[in-house]
């Protein structure tokens with residue numbers, strides 16, 4: 001039995017990335033991919049790798065997850081996250097959580113420390129307290145950019161849809177040397193959303209899905225559309241029918257577009273370590289590491305490649 005070569009793929013959200021944010025988003029997904037790969041190289045599980053990668057992006061204010069999350073109609077941060085283990089289909093998720101800097105960590109605790117799969121709002125808050133997770137004051141998670149956008153969306157002639165395009169849900173998928181796959185997804189949701197709105201991210205099969213028999217997928221884009229077609233599971237279904245990750249991703253995204261008019265993006269890895277990062281939006285920041293090569297991009301058809309050790313060097317010197 002040859003050991004699998006580990007692979008990690010991450011995304012920093014599909015939509016429209018404003019020019020001044022491109023560099024930061026790029027650096028952020030690259031850093032996350034390198035961190036996740038680091039975990040895999042040290043013999044860590046796919047689960048550890050996706051959690052590590054997503055946590056790195058939750059801590060990065062460039063993304064709509066953790067610190068940097070968009071605000072709901074009341075001006076608060078409410079976040080959703082999910083993690084899933086392809087070995088036994090165990091999953092943990094949280095929705096509408098406040099005052100936690102790493103919702104993905106909480107989702108993993110739901111998976112490992114409870115008999116449940118999804119905890120929400122106040123219950124998730126009580127669970128976080130019970131697990132000894134320090135409370136982060138809500139305002140600590142709010143960036144100037146999120147606040148300005150929220151204000152702008154409150155104006156009577158504003159068009160929140162315009163801003164929605166610059167979303168930035170984050171996610172990761174991985175396969176480890178044992179051949180186990182995992183996915184993780186985390187988001188602040190839609191700007192100026194109704195209080196208590198939960199999108200696709202916290203929903204198993206929509207925001208993410210992982211099964212060793214086929215692979216793993218993490219999604220981003222218009223949550224309500226993603227939920228209608230159960231996008232992550234749909235991609236795995238296509239792979240079960242023999243499609244490559246790229247073909248499966250394109251087919252599912254195309255279906256979502258034609259059937260419900262929804263745009264989005266996905267990252268996928270199959271159980272033999274082939275990967276894809278595909279999107280129907282204008283842009284999606286993504287990065288992957290396989291065979292000690294880092295690949296990353298933001299625009300359709302764009303792919304930069306460099307050796308991991310070179311990337312790690314420039315990482316330690318600051319981008």
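Any Cβ shown, glycine's included, is placed from N, Cα and C.
Automatic prediction, not curation, is the source of TrEMBL annotations.
What TrEMBL says about this protein:
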| type | residues | note |
| --- | --- | --- |
| ACT_SITE | 169 | active site, nucleophile |
| BINDING | 197, 198, 199, 200, 220, 221, 222, 223 | substrate binding site |
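Mapped onto this structure are the features recorded in TrEMBL.
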residue: 169; record: active site, nucleophile; Cβ contacts under 8 Å, 6 or more apart: 11, 13, 14, 63, 64, 65, 185, 186, 187, 201, 207, 219, 220, 221
residue: 197; record: substrate binding site; Cβ contacts under 8 Å, 6 or more apart: 72, 78, 96, 189, 190
residue: 198; record: substrate binding site; Cβ contacts under 8 Å, 6 or more apart: 80, 95, 96, 120, 189
residue: 199; record: substrate binding site; Cβ contacts under 8 Å, 6 or more apart: 80, 187, 189, 190, 207, 223, 224, 226, 227
residue: 200; record: substrate binding site; Cβ contacts under 8 Å, 6 or more apart: 206, 207, 219, 223, 224, 226, 227, 231
